[in-house]
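Some features that TrEMBL has for this protein:
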TRANSMEM  A:6-25  transmembrane segment
TRANSMEM  A:65-88  transmembrane segment
TRANSMEM  A:100-120  transmembrane segment
TRANSMEM  A:140-159  transmembrane segment
TRANSMEM  A:171-191  transmembrane segment
TRANSMEM  A:231-248  transmembrane segment
TRANSMEM  A:254-272  transmembrane segment
TRANSMEM  A:284-304  transmembrane segment
Amino acid sequence: MIYIGYLIVFGCCLTAVLGLFTSWVDRKVTARVQYRVGPPVLQPVFDVIKLLGKETLIPDGASKLTFLAAPVVGLSSVILVSTILWMNVIHPQQTFLGDLIVVLYLLTVPSMSIIMGGFASGNPLASIGSSREMKLILSYELPFVLAILVPVIHSHYSIRLGDILNMQSGSGVIIGNFSGSIAFIVALLCVQAKLGLVPFDMPEAETEIIGGPFVEYSGAGLAIFRLMKNMLLFVMPFFLMILFMGGIRFDGIHIFNALLKYLGTVALITVIRNTNPRVRIDQALRFFWGPMTVLAIIAIILAYRGW
Amino acid sequence: MSLKLTALLKSPWVFHLSTGSCNNCDIEIIDCLTPRFDIERFGMLLAGSIKHADVLLVTGSANRKCIPRIKRVYEQMPKPCFVVAIGECALSRGMFIHSYNCPVPIDHILPVDAYIPGCPPKPEAIIAGAVKLIEKVKNGTAKKAKNEK
Ligand code: SF4
């Protein structure tokens with residue numbers, strides 16, 4: 001029963017609120033970088049409410065069930081991931097063995113749901129977007145998994161997130177090590193691609209294929225996809241914080257500390273997104289399989305030597 | 001006013017449709033998004049796809065080839081939605097009023113909710129038009145607000 005409570009309170013509500021707030025931070029920082037004023041705080045909430053109130057159109061020739069199910073699949077997997085992460089932060093001892101692997105698998109499901117929805121809508125632009133998303137997954141997963149091996153090695157080969165957190169509260173955060181900071185850079189760039197932000201936003205590419213897989217979505221489907229993306233914008237930096245920066249602790253000054261770490265990571269992601277042009281899909285593939293994979297392997301070797 | 005309409009007025013995403021304009025009105029619309037005017041303050045975003053849009057901005061003089069396409073685009077827009085005619089061409093066909101190719105002004109084709117005159121209208125005028133549209137919806141006199149699906 002307690003797990004269902006966690007699912008609803010932390011996984012669903014708190015993550016949604018924080019995710020919407022994060023997406024406001026992202027839009028506001030973007031606006032300030034461009035010398036604009038930017039939207040008000042409640043803007044992402046109004047966007048989602050408005051989309052929920054609109055008509056849902058299903059294109060002719062679309063596969064109806066898949067088209068409508070895809071956003072729900074993505075959203076539910078994000079909720080599951082965030083529940084597991086919150087559980088780990090609150091009770092580091094009570095989680096199950098191998099939850100790191102479960103989280104890694106569940107984090108690919110949102111991208112899968114985007115691919116599903118794009119192909120199901122039967123629009124050529126959406127198909128192009130989906131096929132790009134597929135190539136992007138292939139390119140960033142390898143360095144991402146390699147970078148995540150570094151915290152695993154540092155915490156004596158444990159694939160429990162709870163052990164990684166305990167190790168960090170005992171003997172310093174992983175990003176403090178030389179290998180940890182290299183792995184963090186690699187993981188951050190992979191997260192950028194996972195979130196579909198510039199420079200790796202070619203699946204969506206507003207100016208080029210007008211939203212890619214989301215072209216045909218309207219009303220509730222689009223609202224759920226937006227909510228999923230906003231929640232992912234909270235979950236991914238949170239995951240990085242757990243792996244590399246010791247997570248969130250709820251006692252005294254540590255809350256403030258956690259807030260700073262979180263906002264710092266989000267600001268870093270936003271600044272990367274605002275200062276780079278979009279790359280082509282082949283350039284992204286070369287970037288991730290070339291320099292990023294090499295860096296990740298170097299980090300693993302350093303971590304193995306205990307640095 | 002229902003929550004649905006309140007939220008709609010707080011985040012109207014616009015889609016702009018050129019029906020044979022000289023491109024100047026379109027440039028002025030894009031101008032509203034620049035740092036100087038920044039309509040994202042009011043939650044407005046430029047939508048790439050008509051299926052994401054709430055407000056259809058029509059520019060240009062609606063030539064014969066365009067009319068069926070204007071209707072198709074309008075039908076694809078999820079309701080409730082609004083239509084704004086921008087520029088003298090869209091309002092009254094402007095200098096093309098005697099042309100064989102521009103049979104009717106836009107409001108004979110679509111239910112237009114707000115008219116923004118000018119050739120081209122200044123970005124300030126476009127923002128003033130948007131404010132008038134919002135006022136109109138709040139008073140419940142807009143055409144599309146009533147016949148929501
Ligand atoms: S109203 Fe004037 S500026 Fe606008 S499309 Fe017509 S001719 Fe061009």
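Quick reminder: no glycine exception, Cβ is built from N, Cα and C everywhere.
Contact check: the transmembrane segment (A:171-191) against the transmembrane segment (A:254-272) gives at least three Cβ pairs closer than 8 Å, residues 6 or more apart, which meets the contact criterion. Of the candidate ranges A:6-25, A:140-159, A:231-248, A:284-304, A:6-25 contributes the most Cβ pairs within a distance under 8 Å of the transmembrane segment (A:65-88). Here the transmembrane segment (A:100-120) has Cβ contacts under 8 Å with residues 62-63, 66-67, 69-71, 73-74, 77-78, 80-81, 84-85, 126-127, 129-130, 133-134, 136-137, 141, 145, 148, 152, 159-161, 164, 194, 203, 212-214, 217, 221, 225, 228, 232, 235-236, 239 of the same chain, all six or more residues outside its ends. Sequence-distant contacts of the transmembrane segment (A:6-25), counting only residues of its own chain at least 6 positions beyond either end whose CB sits under 8 Å from a CB of the stretch, comprise 39, 41, 43-45, 48, 78-80, 82-83, 86-87, 90, 227, 229-235, 237, 263, 266-267, 270.
Only residues 6 or more beyond the boundaries of the transmembrane segment (A:140-159), in the same chain, are considered here, and those with a CB under 8 A from a CB of the stretch are 97-101, 104, 108, 166-168, 174, 177, 179-180, 182-184, 186-187, 189-191, 193-194, 200, 243-244, 284, 288-289, 292-293, 295-297, 299-300, 303-304.
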